């Protein structure tokens with residue numbers, strides 16, 4: 001069924017969440033064993049913390065950046081990167097900030113929440129490598145603070161990214177969700193929009209999601225990497 005939809009679709013949108021990353025070893029902060037368990041995320045990853053509790057802010061993001069060192073995309077990422085060249089994928093909308101899609105070679109990534117793999121100075125805009133946090137050098141030569149290029153609590157999502165994601169979603173005839181609990185707004189609106197505009201909706205996630213009743217196909221309790229590899233083999237058969 002899915003292979004038929006993939007081959008017949010004119011425009012495909014992939015939507016990925018934390019479940020895509022966890023199979024590469026990236027912690028899922030929304031799970032019971034997640035990154036922020038026991039910590040208040042709004043006290044660590046917020047505009048307020050950046051402005052008024054900077055040491056804790058820096059320590060938190062240093063920990064996250066260091067935790068991504070050595071993490072590599074699993075084979076499912078490679079499948080998606082290959083599909084970009086073989087199938088009409090218009091975008092990979094992701095809730096993740098880890099940059100693993102780009103690392104695997106994907107070129108049509110729309111990171112809704114920004115990227116932790118980029119830093120920039122809030123004063124002059126100069127870009128920096130993440131090594132500046134690892135070596136504890138969070139200030140620019142101009143004196144400005146260097147921050148991760150992620151969307152913090154208290155900030156709005158990038159309007160250009162949102163607009164492009166919405167346009168591609170409305171144009172899609174197949175919308176494939178991979179590893180998202182679909183509980184975070186406004187990201188969880190995209191599958192609804194796709195369905196309302198006539199797309200086939202496929203949800204692949206370890207647990208149930210609130211949008212499962214809308215889906216044309218739901219797959220649970222399966223590794224996303226394995227699912228993508230098996231689907232790819234079926235496409236090549």
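Cβ atoms are placed via backbone N, Cα and C, with glycine included.
What Swiss-Prot says about this protein:
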type	residues	note
DOMAIN	1-237	domain 'Deacetylase sirtuin-type'
BINDING	18, 22, 29, 30, 95, 98, 113, 180, 181, 205, 224	NAD(+) binding site
BINDING	29, 98	nicotinamide binding site
ACT_SITE	113	active site, proton acceptor
BINDING	121, 124, 140, 142	Zn(2+) binding site
Closest of 98, 121, 124, 140, 142 to residue 113 (NAD(+) binding site), Cα positions, binding-site residues only: 98
Arithmetic mean of per-residue pLDDT over the domain 'Deacetylase sirtuin-type' (1-237): 93
Greatest C-beta neighbour count within 10 angstroms, which of the binding-site residues 18, 121, 140, 142: 18
Least Cβ-crowded entry, counting other Cβ within 10 Å, from the binding-site residues listed as 124, 224: 124
DSSP-derived class (H/G/I helix, E/B strand, else coil) of residue 95 (NAD(+) binding site): coil
Pairwise Cα distance for residue 181 (NAD(+) binding site)/residue 98 (nicotinamide binding site) [Å, integer]: 17
Cα distance (Å, whole number) from residue 98 (nicotinamide binding site) to residue 18 (NAD(+) binding site): 10
Distance from residue 224 (NAD(+) binding site) back to residue 98 (nicotinamide binding site), taken between C-alpha atoms, in Å: 17
Other residues, Cβ within 8 Å of 121, 124, 140, 142 Cβ centroid (Zn(2+) site): 122, 123, 125, 126, 141, 143, 144, 146
Residue 95 (NAD(+) binding site) and residue 140 (Zn(2+) binding site), distance between Cα atoms, whole Å: 28
Cβ atoms near residue 95 (NAD(+) binding site) (within 10 Å, other residues, all chains): 20
Three-state secondary structure, which DSSP defines for residue 121 (Zn(2+) binding site): strand
Residue 224 (NAD(+) binding site): secondary structure state under DSSP, collapsed to three categories: helix
